[in-house]
């Protein structure tokens, strides 16, 4: 079934997009980590925001390299990739990387919210004065969700492998006894790997909704803070572009970009779960898989554009790259 619908041009397109993602992911996240680490070594200190940014960039670097290694193992050692132990290990690695990528981005949004927003509420002031502890507590609480997620995925993964190995000719797509996400078939090994993450989608998406909800609440409360601040400025007859308003606006722009990318990512996951006919199309399958990497890579470049230090470092690097490119052209010609 899979081999009849698969077009090699789709696989070629996927390969091109995949390698572009790998290169841009390494460059973007590597740049964030390098700039912050060099600044840390130079100043002998690092801010909480830069700590979160650096950890986020390193996590996404690990994610990109793990995806690259898994794909290389698939093509170079397919017999090794088909082992249940390797199948489980790949799933756990992707879940852990995705978990920390999303939760660290959520922590960054909560940090900006507590630092920039202004309320007279006693609970808010208590959290604002202890923002570092709040971020640390969020990370620790997220570890509980991670353990639950891995445990749940372990049960699903073990079940799917047992079914696949126990009845090699059985097509789970046509079965009403199993969830529609089990799309394993014996027609192609590539199809097995391409659909392996869909075993995890229903449970994993539920855990992904938790940080999304936290980020959404922080975004709307920050927007409420900006609205109250704007009304206060109108009463005091001050200009609309004061420092607090600009800080609110920049944080809201970054938060909105994150939520938009996050919502698109979740939309593709939910679409993959609910639409069986859609999932039979290899183009949608491949696009669904690369959407996760696109989300993290796009958000990394949003962070670069939204951070003054990273943006300034980018502007200082670009002239050097142009000069090096001109030198290479001179050598060639």
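Just so you know, glycine gets a Cβ as well, placed from its N, Cα and C.
Per Swiss-Prot, the N-linked glycosylation site annotation among the candidates 149, 195 falls on 195. Per Swiss-Prot, the residue from the list 7, 186 bearing the note N-linked glycosylation site is 186.
Residue 119 and residue 314 share a topological domain name in Swiss-Prot and therefore face the same side of the membrane. Mean pLDDT, taken over the topological domain 'Extracellular' (78-91), works out to 68 on the 0 to 100 scale. Of the candidate ranges 15-37, 92-114, 134-156, 205-227, 251-273, 15-37 contributes the most Cβ pairs within a distance under 8 Å of the transmembrane segment (58-77).
The recorded stretches the transmembrane segment (92-114) and the transmembrane segment (15-37) do not share 3+ CB pairs below 8 A when only pairs 6 or more apart in sequence are counted, and are therefore not in contact.
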